[in-house]
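Let me begin by presenting the structure, written as structure tokens, before commenting on it.
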């Protein structure tokens, strides 16, 4: 129970930003772009560059690759869902819901509560892999469902994360480390990103109507996503341990938690773009977060 109390105590303050975001959206006092733009164009790129530079070379070589393949292989259970209980849903939306994990906004406060601030560096390298899939391949697929190939490529190339990652890799190759003066700033950025991420989720679900929600469908969706993610992650970890064996115990535990993380908030943006069940996708994000809190409380008992 001590671990659960520590976890909930660590992430609890950030969860308070959910109702705040809900309230702000209802009042229409703060446009959502005022929060999302600094996150996407400043805070997250700075965190990516800083933590990639801080990470060990083995970590950078292994963790992003593993998390990328986790996101990619989550298309398998997504296809199963589309062929069974989710046959009427937009396939791109289903794939995104399975493959996009809230590694940054939910993950940062979670790992800080469970492992301490030093674990954020490993988490960001995991985020790099999932973001490479989600922000590039995933975004391109969704865009191409409505736009031509050329326009979709142009839209994909506008994603700020891509350039932050390229800059980080170049600096790492040149053996440039993060300045010591930047550490206090990036530590503050981690807290701001976590709080702002929860704020956005709250704003995304402000127009939800609980009445008439198909809870049976949501439970099936989350069950298949979670079980599929656990199986795929276990297989990836087993292969890494058998053939590479470069990760330490904490890094393996971090990766093992990823399939328990909720669906990323940007799924609501994709739903809006596709014109497909934007409100329902918002509920799915919120519901997946509630499920994640329960699952992580159970999982950490084995750490």
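Positions of Cβ are set from backbone N, Cα and C atoms, glycine also.
A TrEMBL annotation is a machine prediction, not a hand-curated record.
Here TrEMBL flags 6-24, 36-53, 59-80, 92-115, 161-177, 189-210, 222-244, 256-275, 282-302 as transmembrane segment.
Using a Cβ-Cβ cut-off under 8 Å and counting only residues 6 or more beyond its ends in the same chain, the transmembrane segment (189-210) has close neighbours at 14-26, 32, 35-36, 38-39, 43-44, 46-47, 102, 104-106, 108-109, 112, 117, 120, 265, 268, 279, 282-283, 285-286, 289. Ranked by number of Cβ pairs under 8 Å to the transmembrane segment (222-244), the listed stretches 59-80, 92-115, 282-302 are led by 59-80. Same-chain residues lying 6 or more positions outside the transmembrane segment (59-80) and placing a CB less than 8 Å from one of its CB atoms are 52, 91, 94-95, 97-101, 103, 121-122, 125-130, 132-134, 137-138, 172, 224-225, 227-229, 232-233, 236-237, 240, 244, 246-247, 251, 255, 258-259.
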